[in-house]
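Okay, structure first, notes after.
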Amino acid sequence: MADSRRVIIASWYRTFMGIVNLFGLETKTCWNVTRIEPLNEVQSCEGLRDPACFYVGVIFILNGLMMGLFFIYGTYLSGTELGGLITVLCFFFNHGEATCVMWTPPLRESFSYPFLVLQMYVLTLILRTSSNDRRPFIALCLSNVAFMLPWQFAQFILFTQIASLFPMYVVGYIEPSKFQKIIYMNMISVTLSFILMFGNSMYLSSYYSSSLLMTWAIILKRNEIQKLGVSKLNCWLIQGSAWWCGTIILKFLTSKILGVSDHICLSDLIAAGILRYTDFDTLKYTCSPEFDFMEKATLLIYTKTLLLPVVMVITCFIFKKTVGDISRVLATNVYLRCCLCRCHAYNGKCQAVYTSSHCESSTLRRCRLEAWLQHA
């Protein structure tokens, strides 16, 4: 999974070497290190001409550019430069918990992380604008590919992203046409990653790919689901249940058909953390504290930097607004189902289709009046 990262950086290294050789620039310094006999002297080098230094340098450059991207992202979300500055400061204050690039720069996630931030910014841009411009969608596809190629766990992060966007689509926060384009771009990015990884079947048998296929199917059957005649809440529950069950079933079916066995399964890591299940692969990951349960010191650090309190306050506001919006939609839907009547012009009469003892007579009278005015 990491070969693509090395291939890309190797191509950049050869391009860089061609440029510095063309201009005769000296970007490498070497010296001999004397060691105690019987060990011989060894040469040690630093500078961008050295492949190892170039590799680490590229990682640090990408993460440096990410700071500028955080500023742009925060400015766009808040509408002011102050918001971008606060975003960067919050990242600095929580730098030790947000990334490990300063300790282990060669890690695959250190290379992918900047592209994830770019992907989130592009996705936010798409969700907040109503333009039909294709360039943001193309940028979303390319940033997805750049994020997935170096890191095998990127698909799980994108899966959680789709799992967050799908309920927003179901309850009506995202336009169906826009959400359909987002799903198409994600499907194209999976296909491109599959091709660029020389046919790695893990991309096609992941939860991410299965969720995309299920989302696409539910979007196509949206009208049929709405014609079932059920309430709004039941319609949401049907789509949500179909998405979850279909994603899990499709994931296991594609794994069986393609004969793919993940070298490390997310369910194994969860079982290792909760049930203390162990094997060679889980021990390889869980020996690191990053994959263990959150320590109490971590919560204390988040509180000292005000990250945890601010996130909790924002989460409460979002939850309150979401519950209020959903309650209003459900209340309106129940009222309409109770009082809706189908009016047709036949001697100026109105035939009630959905009525009950709870319907207001004024609503039925208004329906008859509107029918009479239309066909008078």
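Glycine is treated like the rest: Cβ placed from N, Cα and C.
In sequence order, GLU41, VAL42, GLN43, SER44 are the residues of the chain that are 6 or more apart from ASN32 (N-linked glycosylation site) and have a CB within less than 8 Å of its CB. Marked as N-linked glycosylation site by Swiss-Prot on the basis of sequence analysis: ASN32.
According to Swiss-Prot, the transmembrane segment annotation covers 52-72 (among others).
Positions annotated as transmembrane segment by Swiss-Prot, on the basis of sequence analysis: 107-127 (among others).
As annotated by Swiss-Prot, transmembrane segment applies to 154-174 (among others), with the evidence given as sequence analysis.
According to Swiss-Prot, the feature transmembrane segment maps to 182-202 (among others), an assignment based on sequence analysis.
Same-chain residues lying 6+ beyond the ends of the transmembrane segment (233-253) with a Cβ under 8 Å from its Cβ atoms: 166-167, 170-171, 205-207, 210-211, 213-215, 217-218, 225-226, 330, 333. Per Swiss-Prot, transmembrane segment is recorded for 233-253 (among others), and the stated evidence type is sequence analysis.
Marked as transmembrane segment by Swiss-Prot on the basis of sequence analysis: 299-319 (among others).
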Per DSSP, three-state class assigned to ASN32 (N-linked glycosylation site): strand
Positions whose Cβ lies under 8 angstroms from the transmembrane segment (52-72), at least six residues beyond its ends: 9, 12-13, 16, 45-46, 84-85, 87-88, 91, 99, 101, 105-106, 110-111, 113-114, 117-118, 121
Tertiary contacts of the transmembrane segment (107-127) (same chain, 6+ residues out, Cβ under 8 Å): 1-2, 5, 58-59, 62-63, 65-66, 69-70, 72-73, 76-77, 99-101, 136-137, 139-140, 143-144, 146-148, 150-154, 157, 161, 174, 178, 182
